[in-house]
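Undergrad: Okay, handing you the structure first.
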Amino acid sequence: MWKLLFIGILFTSICHINFSEGLFKCKELGQSCRRTVFDRCCGNATCQLQGLKGKCVSCLNIGHLCWRNEQCCSQRCHRLRCRDKKVPTKIINVIQSNFSTIILKAN
């Protein structure tokens, strides 16, 4: 029990020292990053990874790994990838045909 408490206090102290010395400071545009809490980009910038290394950019191009729409230049993150903002024509046709069917059934 005491060992666990000691490890917790030691870890907290090390993190406090590292944060105060700036070892975990956020990175500016163009600087290297790794998309971790210890090596992150500042503000609205996001880390564009290639393998395990990356650099801070204002937004991610189509095809890059993403978590949120705001990270993508196209503002569309779908299935963990930045996608084109355009909705495929096939989906539009399906929606239109389903909508027409609903209207006909309602009348």
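In case you wondered, yes, glycine gets a Cβ from its N, Cα and C as well.
Heads up, here are the entries from Swiss-Prot:
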{"type": "DISULFID", "residues": "Cys59-Cys73", "note": "disulfide bond"}
{"type": "DISULFID", "residues": "Cys66-Cys77", "note": "disulfide bond"}
{"type": "DISULFID", "residues": "Cys72-Cys82", "note": "disulfide bond"}
{"type": "CARBOHYD", "residues": "Asn18", "note": "N-linked glycosylation site"}
{"type": "CARBOHYD", "residues": "Asn44", "note": "N-linked glycosylation site"}
{"type": "CARBOHYD", "residues": "Asn98", "note": "N-linked glycosylation site"}
{"type": "SIGNAL", "residues": "1-22", "note": "signal peptide"}
Undergrad: Pull out the disulfide-bonded residues from the set Cys59, Cys72, Cys77 whose C-alpha sits within 10 Å of the C-alpha of Asn44 (N-linked glycosylation site).
TA: Cys59
Undergrad: Counting distance between Cα atoms, which of the disulfide-bonded residues Cys66, Cys72, Cys77, Cys82 is nearest Cys59 (disulfide bond)?
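TA: That would be Cys72, nearest by Cα distance.
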Undergrad: Helix, strand or coil: which one is Cys72 (disulfide bond) in, per DSSP?
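TA: The residue in question, Cys72 (disulfide bond), is strand (DSSP, three-state).
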Undergrad: What count of other C-beta atoms do you get within 10 angstroms of the C-beta of Cys73 (disulfide bond), across all chains shown?
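TA: Summing over all protein chains shown, Cys73 (disulfide bond) has 14 other Cβ atoms within 10 Å.
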Undergrad: Any idea what DSSP makes of Asn44 (N-linked glycosylation site), helix, strand or coil?
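TA: Where Asn44 (N-linked glycosylation site) sits, the three-state DSSP reduction gives coil.
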Undergrad: Same chain only, sequence gap of 6 or more: which residues have a CB within under 8 Å of the CB of Cys82 (disulfide bond)?
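TA: Long-range Cβ contacts: Leu60, Asn61, Ile62, Gly63, His64, Cys66, Gln71, Cys72, Cys73, Ser74, Arg76.
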Undergrad: Tell me the Cβ contacts of Cys77 (disulfide bond) under 8 Å, same chain only and six or more apart in sequence, or just say none.
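TA: Counting only residues 6 or more apart in sequence, the Cβ neighbours of Cys77 (disulfide bond) under 8 Å are Cys66, Trp67, Arg68, Asn69, Gln71, Arg83.
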Undergrad: Take the Cβ of Cys72 (disulfide bond) and count every other Cβ within 10 Å, whichever protein chain it belongs to.
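TA: The answer is 24 other Cβ atoms.
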